[in-house]
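Novice: Just lifted these from TrEMBL, have a look:
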type	residues	note
BINDING	58-62, 121-127, Asp148, Ala246, Gly295, His336, Asp403	(6S)-NADPHX binding site
BINDING	Asn59, Asp117, Ser151	K(+) binding site
BINDING	Lys373, Gly374, His375, His376, Thr377, Gly402	AMP binding site
DOMAIN	10-205	domain 'YjeF N-terminal'
DOMAIN	211-459	domain 'YjeF C-terminal'
Amino acid sequence: MLRAHLIDDVRRAEAAAMAHLPDGALMQRAAAGLAAAVLDVLGRAYGSRVLLLVGPGDNGGDALWAGARLAGRGVAVEALLLADRVHEAGLAALHAAGGRSTRDLDDLHDAPDLLVDGIVGIGGRPGLRPEAVAALEAYADVPVVAVDVPSGVDVDTGRLEGPHVRAALTVTFGTHKVAHLVDPASTASGALHLVDLDLDLIGGPAVEALQPDDVRGLLPRPGLDAQKYTRGVVGVRAGSSTYPGAALLAVSGANTGLVGMVRYVGPAHVADTVRTAHPEVVGAGRVQAWVVGPGGGDDAATMLAEARRDGVPVVVDADALGHLDEAAADWVLTPHAGELAAMLGAEREAVEAAPLEHARDAARRWGCTVLLKGHHTLVAAPDGRVRVTTTGVPWLATAGAGDVLAGLVGALLASGLEPHDAASVGSWLHGAAATQAAAGGPLTASRVAVQIPQVVRETLAGLG
Ligand SMILES: NC(=O)C1=CN([C@@H]2O[C@H](COP(=O)(O)OP(=O)(O)OC[C@H]3O[C@@H](n4cnc5c(N)ncnc54)[C@H](OP(=O)(O)O)[C@@H]3O)[C@@H](O)[C@H]2O)[C@@H](O)CC1
Ligand SMILES: [K+]
């Protein structure tokens, strides 16, 4: 599991570690990891130029100490000091290793190959000062390696308020931070590299992200005595004359082999289309979970009421979300930002600016799991736990992808996974299938569904 902690928990763990380590030991570990990561990106030391952007705190100290190590390896290192006072020992080390420093942007002539953002780390407030903005603008085309976090982001919430660094790579220390994983700040972090500081993090993670091993441990697999009914049956109530395709896509997400049987209940001509494409699918009967809403149109309220009557877990998606008055603890709601905004009486922009906060609010308010779709989809439980999905590609933002996801999550619920696991494993598989199916190019929702068994196969085999 990849875990992200809040600043206070990192500070506590840092203080505990420092109590029994020599002065500056943690910063040296951080700087060594940072220098190694920068060298990896540069590919060679001699002939490479690096510019450090150095703020007033220890984040700048990390950059300066790493700069000293890089200068010692033959990299031409310059530091632009963006504060009256910077980390003194780090600056002295940089100078001793042959690096230069200046406070004036105009002193810098040759464009660097790489910027190292040591402006602020976990002690920073959101936004950047004008000197930092000017430096970043002067080298707008140069890739940035961020130290700990991209400066300017709100580290504990993932919000973006005001100017901030856009990193190609973020080298972070001890544990991940919320801003690395949660939108919109996750888009400013770039690739992530964690330098282990051997910290003893006592507080639980604020956010976590499933890794292939976690998914392998959670995936349902049939026992030797399995029958179709013991593996779980999922029912789909979706589609209408206007949107027959949504039913087809939801069924294709449900019918990927993770349950023993799939039922479809809906308008007769839609049912014919569904069964032509999926001859395995049967009609009404007992199920262990329902998927309700994709393409349901005006009938979505009735679909939801009928599903509720069975007392089994329900995935509430799309049109059904607008008819939700109350939910049971084993339900999963799967809104996108616009749908969640309508459910909470908020503006869509507000949800997009703070998806973590809104997903948590919604999970508390309905007392069930809420899966908020986005670049990094969030799965929030009513007790505050949140998982974020880091699989997937931007091409996945395509019509019908949500219908496939709803079907898949429903199948996992029917197979017996608890709602938080069903939603987060479903989202992980959906993203991984999209990445494989896209193979660097465009994709359609149908292709995502087709790819799911292959992703399951590889994950079970430990190839993920
Ligand atoms: N924790 C760990 O385990 C380890 C931590 N380590 C490293 O330490 C980093 C944290 O260092 P830190 O605490 O010194 O704070 P840091 O982020 O450098 O800056 C705070 C200063 O910036 C200022 N300031 C605030 N906002 C600003 C803004 N927007 N723009 C400009 N300035 C702003 C503010 O001054 P103020 O304006 O309040 O007077 C304050 O003085 C951490 O991220 C990691 O890199 C590693 O070395 C080892 C292990
Ligand atoms: K930084």
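Quick reminder: no glycine exception, Cβ is built from N, Cα and C everywhere.
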Novice: Taking a cut-off of under 6 Å between Cβ and any atom of ligand 1, tell me which of the binding-site residues Ile122, Asp148, Ser151, His376, Thr377, Gly402 pass.
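Specialist: Once distances to ligand 1 are taken from each Cβ, Ile122, Asp148 fall under 6 Å.
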Novice: Checking the binding-site residues Asn59, Asp117, Ser151, Thr377: which ones have Cβ within under 6 Å of ligand 2?
Specialist: Asn59, Asp117, Ser151
Novice: Looking at the binding-site residues Asp117, Gly374, His376, Thr377, which has the shortest Cα distance to Gly61 ((6S)-NADPHX binding site)?
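Specialist: Sorting the binding-site residues by distance from Gly61 ((6S)-NADPHX binding site), the top entry is Asp117.
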Novice: Quick check: with Asn59, Asp117, Ser151 left out, which same-chain residues have Cβ atoms within 8 Å of the centroid of the K(+) site Cβ atoms?
Specialist: Leu53, Gly55, Gly60, Ala63, Gly118, Ile119, Val120, Gly121, Gly124, Ala146, Val147, Asp148, Val149, Pro150, Val165
Novice: Quick one, of the binding-site residues Asp58, Asp117, Asp148, which Cβ has the fewest other Cβ within 10 Å?
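Specialist: Minimum Cβ neighbour count within 10 Å, taken over the binding-site residues Asp58, Asp117, Asp148, occurs at Asp58.
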Novice: Looking at the binding-site residues Arg125, His336, Lys373, His375, His376, which sits with the largest number of other Cβ atoms within 10 Å of its Cβ?
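Specialist: Ranked by Cβ atoms within 10 Å, first place goes to His376.
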Novice: Using Cα-Cα distances with a 10 Å cut-off, which of the binding-site residues Asn59, Asp117, His375, His376, Thr377, Gly402 are near Asp148 ((6S)-NADPHX binding site)?
Specialist: Asn59, Asp117
Novice: State the three-class DSSP label for Thr377 (AMP binding site), counting H, G and I as helix, E and B as strand, and everything else as coil.
Specialist: coil
Novice: Identify all same-chain residues not among Lys373, Gly374, His375, His376, Thr377, Gly402 whose C-beta atom falls within 8 angstroms of the centroid of the AMP site's C-beta atoms; report them in sequence order.
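Specialist: These residues sit around the AMP site: Asp183, His336, Leu372, Leu378, Thr389, Gly392, Ser427.
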Novice: Among the binding-site residues Asp58, Asn59, Arg125, which ones place their C-alpha within 10 angstroms of the C-alpha of Gly402 (AMP binding site)?
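Specialist: The binding-site residues close to Gly402 (AMP binding site) (Cα within 10 Å) - there are none.
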Novice: Just the number: how many Å between the Cα atoms of Ile122 ((6S)-NADPHX binding site) and Asn59 (K(+) binding site)?
Specialist: 8
Novice: I'd like to know the mean pLDDT over the domain 'YjeF N-terminal' (10-205).
Specialist: 97
Novice: How big is the gap, in Å, between the Cα of His375 (AMP binding site) and that of Ser151 (K(+) binding site), rounded to a whole number?
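Specialist: It is 21 Å, counting Cα to Cα.
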Novice: If I take the alpha carbons of Arg125 ((6S)-NADPHX binding site) and Ser151 (K(+) binding site), what is the distance between them in whole Å?
Specialist: 9
